[in-house]
Amino acid sequence: MSLATRLGLVGLGGGIGASLRYVTALALPAFHGFWAYGFINLSGSFALGLLMAWSAQNPHRYQAWTAFGGTGILGGYTTFSTLALLVWQHQSMGWIFGLLSVLLGLWLSSFGAQLVNRVLRSRSRA
């Protein structure tokens, strides 16, 4: 796959992901700020773990999905910059939110990857 194709997929996916983030934040007005963006980042971390474990089975075959879904959609959907801004704006409790967000994000991406690996192993045994 050419670089131009991959860049196009990343750009298209990024637009979709950023739009999903915007709509998700609007859909959670009662949870504006920490909770809305915490949900966005954590659900994106889980989804990225699923996608990366799935695509790792055959990286060349799934490189379009990795570019479009991982770098594009999930890169546009999740937002480290907003996390950093919220931590800075709420200095007294922001650092706790930031730390929990990063730790839970790491755990959820790992959990997503383990889930895919278990499913793939059980299918190969059947």
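Glycine residues also receive a Cβ, built from the backbone N, Cα and C atoms like all the rest.
Listed in TrEMBL for this protein:
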{"type": "BINDING", "residues": "G75, T78", "note": "Na(+) binding site"}
{"type": "TRANSMEM", "residues": "7-28", "note": "transmembrane segment"}
{"type": "TRANSMEM", "residues": "34-54", "note": "transmembrane segment"}
{"type": "TRANSMEM", "residues": "66-88", "note": "transmembrane segment"}
{"type": "TRANSMEM", "residues": "94-116", "note": "transmembrane segment"}
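Here the listed stretches are 7-28, 34-54, 66-88, and the one with the most C-beta pairs under 8 angstroms to the transmembrane segment (94-116) is 34-54.
Outside the transmembrane segment (34-54), and at least 6 residues removed from its termini, the chain residues within Cβ reach (under 8 Å) are 21, 24-25, 28, 62, 65-66, 69-70, 74, 77-80, 82-83, 86, 90, 97, 101, 104-106, 108-117, 120. Same-chain neighbours of the transmembrane segment (7-28): 35-37, 39-40, 64, 67-69, 71-79, counting only residues six or more beyond its ends whose CB sits under 8 Å from a CB of the stretch.
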